[in-house]
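Q: Copying in the features that Swiss-Prot gives for the protein in this structure:
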type	residues	note
BINDING	GLY10, ALA11, GLY12, LYS13, GLY14, THR15, ARG123, THR132, TYR133, GLY202	ATP binding site
BINDING	THR31, ARG36, GLN57, LEU58, VAL59, GLY85, PHE86, PRO87, ARG88, GLN92, ARG156, ARG167	AMP binding site
REGION	30-59	region 'NMP'
REGION	122-159	region 'LID'
Amino acid sequence: MRVILLGAPGAGKGTQAKFITEKFGIPQISTGDMLRAAVKAGTPLGLELKKVMDAGQLVSDELIISLVKERIAQPDCANGCLFDGFPRTIPQAEAMVAAGVDIDAVVEIAVDDEEIVGRMAGRRVHLASGRTYHIQYNPPKVEGKDDETGEDLIQRDDDKEETVRHRLSVYHSQTKPLVDFYQKLSAANGGKPKYSHIEGVGSVEAITAKVLAALS
């Protein structure tokens, strides 16, 4: 089973990806991991990628698709894989179709922007230990202080509201159109890939149950 998980940053894709990979015994594939592995392995494609990256250029969709095809041919992908953060754009999705990379299921985890802003902007971290809190869902005993050490908690730059809103706007302009793309592809191909829209609000268990039901 080859699965693409779609959803805005903060929608809970990482949590659900973990359940999917464990349930189906498939690896999670991210372009970042693939790029690093190919460069490290020194394959012909890896050397080509290294040249591009060393020059500070963006890796072309063609190279990324070649990388995907090389990766999914490996033994651990025999039963499928879960694509993490790929494809991000319509040209990448079209290139996958053109390259004959079949996808079995596309799952969209939909969460309202304001809910995501609340989730992410409320996070606080104790840097030394990595302990995380949330001002609304999991507040520290003393505001702004770590429960165990009493040291200050910080808000990571990634979690600041303006950063979250910027990432959401990039998602809506670049990646959200994939929802439409895969819905149309599914309709045109007699339901392949199977497309599922899941509301990502509620308990983790409830959302996981919906995701796994969509994939069964």
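Cβ atoms here come from the backbone N, Cα and C positions, even for glycine.
Owing to the predicted nature of the structure, the values given are computational and were not obtained by experimental measurement.
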Q: Over the region 'NMP' (30-59), what is the model's average pLDDT?
A: 88
Q: On the DSSP side of things, how many residues of the region 'NMP' (30-59) fall into helix, strand and coil, could you say?
A: 22 helix, 1 strand, 7 coil
Q: Tell me, by DSSP, whether GLY14 (ATP binding site) is helix, strand or coil?
A: helix
Q: Just the number: how many Å between the Cα atoms of TYR133 (ATP binding site) and ARG156 (AMP binding site)?
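A: That comes out at 12 Å between the alpha carbons.
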Q: Tell me the Cβ neighbour count for GLY12 (ATP binding site), meaning other Cβ atoms within 10 Å of its Cβ, over all protein chains shown.
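A: Neighbour count, Cβ to Cβ under the 10 Å cut-off: 21.
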Q: Check the Cα-Cα distances from PHE86 (AMP binding site) to the binding-site residues GLY10, GLY12, GLY14, ARG123 and tell me which is shortest.
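A: Given the candidates GLY10, GLY12, GLY14, ARG123, the nearest one is GLY14.
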Q: Counting across all protein chains shown, how many other Cβ atoms sit within 10 Å of the Cβ of VAL59 (AMP binding site)?
A: 14
Q: For the binding-site residues listed here (GLY10, GLY14), tell me which residue's CB has the most neighbouring CB atoms inside 10 Å.
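A: Answer by Cβ density within 10 Å: GLY10.
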Q: Fill in the CA-CA distance, ARG88 (AMP binding site) to ARG123 (ATP binding site), as an integer in Å.
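A: Distance (Cα to Cα, whole Å): 26 Å.
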Q: Here the binding-site residues are ARG88, ARG123, ARG156; which one has the lowest number of other Cβ atoms no more than 10 Å from its Cβ?
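A: Output over binding-site residues ARG88, ARG123, ARG156: least Cβ neighbours within 10 Å is ARG156.
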Q: List only the single closest residue to THR31 (AMP binding site), chosen from the binding-site residues GLY10, GLY12, GLY14, ARG123 by CA-CA distance.
A: GLY14
Q: Over the residue list GLY10, ALA11, GLY12, LYS13, GLY14, THR15, ARG123, THR132, TYR133, GLY202, recorded for ATP, what is the maximum interresidue Cα distance in Å?
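A: This binding site's residues have a maximal Cα-Cα distance of 20 Å.
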